[in-house]
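Asker: Copying in the features that TrEMBL gives for the protein in this structure:
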type	residues	note
TRANSMEM	12-31	transmembrane segment
DOMAIN	17-304	domain 'Sugar phosphate transporter'
TRANSMEM	43-68	transmembrane segment
TRANSMEM	107-127	transmembrane segment
TRANSMEM	134-151	transmembrane segment
TRANSMEM	157-174	transmembrane segment
TRANSMEM	195-212	transmembrane segment
TRANSMEM	232-253	transmembrane segment
TRANSMEM	260-281	transmembrane segment
TRANSMEM	287-304	transmembrane segment
Amino acid sequence: MTQQPTTAPIPWTTIGMVVAWYGSNIGVLLLNKYLLTNYGFKYPIFLTLCHMTACTLFSYIAIALMKVVPLQTVKSKVQFAKISGLSVVFCFSVVCGNVSLRYLPVSFNQAIGATTPFFTAVFAFLIIKKREAWLTYTTLIPVVTGVIIASGGEPSFHLFGFIMCVTATAARAFKSVLQEILLSDEGERLNSMNLLLYMAPIAVTCLLPATLMMEENVVGITIDLARKDAKLIWYLFFNSSLAYFVNLTNFLVTKHTSALTLQVLGNAKGAVAVVVSILIFKNPVSFLGMVGYALTVLGVILYSEAKKRYS
C-alpha cells in the first residue's frame, strides 16, 4: 500500500500576512471613499499628500531604524532621476484614483482597475515592442468588454470620475512598464520597500505645491473641520498609515508566497473589495454591472494563465 504524499500546511504567519494585505488594501480604499464622499472631505490631492508623508516616515523607520529590509543606496544621479520619474507617474496615478472615488462607487472603480493588464500589454507593445502570443491578446477582449458592459449598467456612472479612474489605471500600468525599462540594470534594481523609501519623499515635494495651488487653504479648512470633529485627525492618520501598510504587506506576501498564489489572491481581493463596499455603502448595483465585472475578472484570470503558458 503506497502512502499518499501529504501537503505541508500553510504557515499561520503567511495566512496572517495575507489577511493583513487584504485588510490594508480594502481598508484604505473604503476609507478613501468614506472621507472623499460620505464624510465630505473633498481634497483628494491633500489626502494623497498625507499618504505619501506617512509612507516617507514609516519607510525610514522600517528600513533605517528597524532594519526590516537592508538599505539599498542610490548609486548615481542617473538612477535618482529614473526613480524621480517613476515617482511622478506613481503620484499621478494615486491622485487620479482618489479623485475618481469622489464620483464613482468602489465596485465600479474596482471593475475599471481590473483592466490594468490591458493597458500594461498596450504600453509594453508601444514602448518596448514586447509582443505576446495572439491567444494572450485575445484574452484581453473580455477584460475590456466587461468594463464596457459594466459602464452601461452602472447606475452611478459619472463621466469625469470614469475618465479619472481609467487615467489612474493606465498610469499604474505605464509605471510598471517604465519601471521595467528604467530599473532593468541589475545594479540599479531596488526592492519595493527601498523603492518606496526614495519615491515617497519625491512624491511629497510634487504634491505639496500642487495641493497649495489646486486646493486653496486646505490646511486651514482641515484644521477648522478637525476643531468641529476631532475624529477627522484620526481618520486621516489611520488612512495614511494604512496606505503605507498596503506596500509593506504587499512586499511580505510577495516574499512568502509564489507568483501564481499572488495572482490568485490579487484577483480575489478585487472581488472581496466590491462585495464589502456594496455592503457598507449600499450603492445600487445592476445585474448588467455585475455581469460586466465578472467578465472582466474572468478575462484577467485567462490573461494570467495565457501569459504564464506562452511566456
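Keep in mind that glycine also has a Cβ here, set from the backbone N, Cα and C atoms.
Note that TrEMBL annotation is computational and uncurated.
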Asker: Taking pairs 6 or more apart in sequence, does the count of Cβ pairs under 8 Å between the transmembrane segment (157-174) and the transmembrane segment (287-304) hit 3 or more?
Answerer: no
Asker: Out of 43-68, 260-281, 287-304, which stretch touches the transmembrane segment (107-127) the most, going by CB pairs under 8 Å?
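Answerer: Comparing 43-68, 260-281, 287-304: 287-304 has the most Cβ pairs near the transmembrane segment (107-127).
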Asker: Looking at the stretches 43-68, 134-151, 232-253, 260-281, which one shares the most CB pairs under 8 Å with the transmembrane segment (287-304)?
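Answerer: It is 134-151, which has the most Cβ pairs under 8 Å.
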Asker: Over the domain 'Sugar phosphate transporter' (17-304), what is the model's average pLDDT?
Answerer: 92
Asker: Do any residues of this chain, six or more beyond the ends of the transmembrane segment (12-31), have a C-beta under 8 angstroms from a C-beta of it, and if so which?
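Answerer: For the transmembrane segment (12-31), the nonlocal Cβ contacts are 101, 106, 109, 235, 238-239, 242-243, 245-246, 248-250, 252-253, 256-257, 265, 269, 272-273, 276-277, 280.
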Asker: What parts of the chain pack near the transmembrane segment (195-212), using Cβ distances under 8 Å and only residues at least 6 beyond its ends?
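Answerer: Beyond its ends, the transmembrane segment (195-212) has Cβ neighbours at 43, 45-46, 48-49, 52-53, 55-56, 59-60, 63, 71, 74, 80, 83-84, 86-88, 90-91, 94-95, 183, 218, 247.
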